[in-house]
């Protein structure tokens, strides 16, 4: 059906910023903003744009106030060409390798740079299919070290409890084994003593029955 065909084409282009869509950067440092795209049908004259806090994603060659990078890729055999970029933005990706990487680096991060960064891709070969992904940047004065003391204590306590449980189970098995052996030994003693009593009392199967009867 035509509708299903259009839907399949739309899903052919995918844009991703990785497993997490949040990045934290130290003030006055350089931060990587990752982005890759995939397409099942290949690409020709593909254009990509990075936006900052923008709700209008229009791949226009002219630099908009909220555009920070705009590039174009002729085909898989060529690297992107820059159409426009913010002076503090540097392209660090590559489209001739396995991954179609269109990541950028924002140099000299400031507190005003915190916000939403959107990587937008448009592929004319897929009937101008478009897709985008967003990453959120947080700028901090200093990195806060994570205190793992509580986590280590919890892991240690849980590990100790598991160790005690295993030790208890081993001791239980040993005790049960000893008790079983003791009970088996007692049974053997009872059987042996029972046979001796029968012999001494002249019961059936005893030596008393084996004596010859007295002569008249």
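Every residue number used here counts from 1 along the chain in the order it is shown.
Quick reminder: no glycine exception, Cβ is built from N, Cα and C everywhere.
Looking at the stretches 159-187, 188-216, the one that TrEMBL records under the feature region 'Disordered' is 188-216. Residue counts for the domain 'Ig-like' (2-136) by DSSP state, with H, G and I taken as helix and E and B as strand, are 17 helix, 61 strand, 57 coil.
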